[in-house]
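Asker: Starting off with a structure, shown below.
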Amino acid sequence: MTTPIAPDGAEEPAGAPLASTDPFAAERDVLDEAAAAVEAAPLTAEAEQEMAVLDVPRRLLLVHAHPDDETIGNGATMATYAAAGTHVTLLTCTLGEEGEVLVPELAHLAAGRDDTLGQHRAGELAGAMEALGVRDSRFLGGAGRFRDSGMMGVPSNERPDCFWQADLEEAAALVAEVVREVRPQVVVTYDENGGYGHPDHIQAHRAAMRGVELAADEAFADGREPWAVSKVYWTAWPESRMRDGLRRLRDEGDGTTFFGMDPEGPLPDTTPDELVTTVVDGTAQVDAKLAAMRAHATQIAVDGPFFALSNNLGNEVWALEHYRLARGERGPVDPESGLETDLFAGL
């Protein structure tokens, strides 16, 4: 297993955080059960061999909008690479202050009441990272620098401190600073629509893509050496897989609509199959992903649509995570599926 070190073989640069910083330690008490550490499942010998091809330590950076987004879309991927010794860094752009509160006892945390949900969600995120085995979790510009904007079209979109209103170059520069510090070969974020049109997801996409550009630009001066990211991926939800899952859910007799999606109708927030380039098999880390989902207790209800999928279709529904290569050269693919099976393929 590779120990995360600087690419030149030296020790990590001073100031590089190797552990999640939780400024809201008191909030952790609420999450003791859900955020209990989950021991990473061992990789198979084949997986170990596949992930040992680089001559330098692997470094993966994920840019997300709110706490819980990383677990839903990339949790198995993060746990898989972390277990293999990859230095996984999560960069979250907001605290998620405008989110719903699905735990009645915590309803007072909501933006319209105590407005302390963001602090609580930072604690949930720390618990989720513990479950996934990720030791480097940060907030863009520091916790609370950018506020959650809320869903598209709501009044909170107009708050001057929300992420949707942030200056893109400022946000991108903060991303670029992290890119230059961490020097990841691979970056993961959302597509142009942010997956489903949430303003913070769209802004996270823009900041990540522009940040990657700035990090490689010698004209961008931040005191660090330029760094060119080799591959950028966008999280993908293959249309055929989503449609099949919805049909199976319906056939099992479960009335859950999964956010109103009709398996026989349009699925606009999915990815056309022909655009999907990569799949990561996180079967060995499904339990870690589910534990991380439970850690985000205010956002993911155990009796809600996300857990309905695994309850009815089995945990394997969360094992495969798909991606679309947005920048860089495609690596070797699996001859049967025609997809890459490693985000670092070809590097």
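Sequential numbering from 1, following the chain as shown.
Positions of Cβ are set from backbone N, Cα and C atoms, glycine also.
Owing to the predicted nature of the structure, the values given are computational and were not obtained by experimental measurement.
The annotation Zn(2+) binding site is assigned in TrEMBL to His66, Asp69, His201. Taken from TrEMBL, the feature compositional bias 'Low complexity' covers 1-17. Annotation comment: TrEMBL describes 1-22 as region 'Disordered'.
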Asker: Using Cβ-Cβ distances, find the residues under 8 Å from His201 (Zn(2+) binding site) that belong to the same chain and are at least 6 apart in sequence, listing them in sequence order.
Answerer: Ala65, Asp69, Tyr190, Asn193, Gly194, Gly195
Asker: Near His66 (Zn(2+) binding site), which residues of its chain come within a Cβ-Cβ distance under 8 Å, counting only those 6 or more away in sequence?
Answerer: Thr92, Cys93, Thr94, Leu95, Gly96, Gly99, Arg121, Asp148, Asp200
Asker: According to DSSP, which of helix, strand or coil covers His66 (Zn(2+) binding site)?
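Answerer: For His66 (Zn(2+) binding site) - judged by DSSP and reduced to three states - the answer is coil.
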Asker: Other than its own, how many Cβ atoms are within 10 Å of the Cβ belonging to Asp69 (Zn(2+) binding site)?
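Answerer: Result for Asp69 (Zn(2+) binding site): 29 other Cβ atoms within 10 Å.
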Asker: Quick check: which same-chain residues outside His66, Asp69, His201 lie with their CB within 8 A of the centre of the Zn(2+) site CB atoms?
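Answerer: Counting only non-site residues, the set is His64, Ala65, Asp68, Cys93, Thr94, Gly96, Tyr190, Gly194, Gly195, His198, Asp200, Ala204.
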